[in-house]
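The block underneath contains the structure these notes are about, expressed in structure tokens.
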Amino acid sequence: RLDVLGLHEFDSVRKRMSVVIRFPSGAVKVLVKGADTTMFSILRKDHKSHHNIQNVTLSHLNEYSSEGLRTLVVAARDLTGEELEEWQFMYEEASTSLTDRSAKLRQTASLIECNLTLLGASAIEDKLQEGVPEAIESLRQAGMKVWVLTGDKQETAISIGMSCKLLTSDMQRIIINGTSENECKRLLFDAKIKYGINSASCNQISTCQRDAENGYLEASASMQSSNLPEPHAGEEGVSDGPLALIIDGNSLVYILEKDLETELFDLATSCRAVICCRVAPLQKAGIVDLIKSRTDDMTLAIGDGANDVSMIQMADVGVGLCGQEGRQAVMASDFAMGQFRFLKRLLLVHGHWNYQRVGYLVLYNFYRNAVFVFMLFWYYSFSFWPAFFCMVSGQQGVLFPLKRKEETIH
């Protein structure tokens, strides 16, 4: 039996989770699990053999990710008596704080989540539900743009995109993996130049025509002839095939917080498929807000876990899937369903019927109000004297007595 002394839950900033436990022998350790991008930066680097283990683990992670497995890195560290006392004092103070509790808990976690010893990596298979590829294909044929926002590694995200038929072999992939603002800006600009993507502003989006068959935006002839940048010498010309954008969370850190949102929007809306990997929950909501703020399109967010709650709440319509990830997404969504394939019937069948009913209701209310107002207008315009003698009021709709109430009582 192990004694749990404290727990630091997962958050979108740290991207890891840690627990402090006491073993029956009296030793106290902190066990940490998280994504490889955040775990390898807090590992100890003072031993050569440990560095070799990291290289072997990285090769294993790449191998697991290429097979479509979801990976995690596990590390640990022994805590001394002084470190344990200092951590317990800060942990109790942060847990009972009434202001900035999250920031204080994050600062307390950074005290022990450092100089860790790598234990290994785990990989599990996350199978797609039945009917997911067919549902995605039906939604794309209906003219919907499908984006995938996931926290998995890039290789895992690409493998999942291939299995659900979001990515095809004929697509040209644009991969944005930047480590600085200047590098992200250069990658975005080079991709737009290479594939001849126009820098359309918000008022130019309305002039674009959505191709329901191909699923990407086609600029009008005037925009294509006048505003397209010319490719540099030695680069490929304007591509006629479908494009797929693959971008990681590190690049989104510089893009969503800087002046590169317009460049990302132009590039993403010109692609047939968009996959964002290694993204935090707040970044998912930021991407949805990027589309909402720059277009008039309706946004639909679908998620099954607690890390999708912010995205579901930010979108116009949120759908939560009941599964092994808990019910946090279901509680925050507008619609809940058991499997992803039910979304096809919800949108394409019931959504179409609801659109028809709302259209009929709007027309009914318009003509009903028009008839009511026209009758009153005709009555008061052409029948003034009958209305005056009858004492009919169009505001209250009742017959007033000729005598006041006080006179009737007397």
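Cβ coordinates come from backbone N, Cα and C, glycine included.
These come from TrEMBL:
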BINDING   Phe10, Lys33, Arg70, Thr150, Gly151, Asp152, Arg278, Lys284, Asn307, Asp308  ATP binding site
BINDING   Asp304, Asp308  Mg(2+) binding site
DOMAIN    330-385  domain 'P-type ATPase C-terminal'
Give me the CA-CA distance between Asp308 (Mg(2+) binding site) and Arg70 (ATP binding site), in Å, as a whole number. 17
Find the shortest Cα-Cα separation between Asp304 (Mg(2+) binding site) and the binding-site residues Arg70, Gly151, Arg278, and name the residue that gives it. Gly151
Long-range same-chain neighbours of Asn307 (ATP binding site), Cβ under 8 Å, sequence gap at least 6? Ser12, Gly151, Pro281, Lys284
What's the most sparsely packed of the binding-site residues Arg70, Arg278, counting other C-beta atoms within 10 A? Arg70
Fewest other C-beta atoms within 10 angstroms, as judged across Phe10, Asp304, Asp308, which are the binding-site residues: Phe10
Given the ATP binding site residues Phe10, Lys33, Arg70, Thr150, Gly151, Asp152, Arg278, Lys284, Asn307, Asp308 in the record, what is the largest Cα to Cα distance, rounded to whole Å? 22
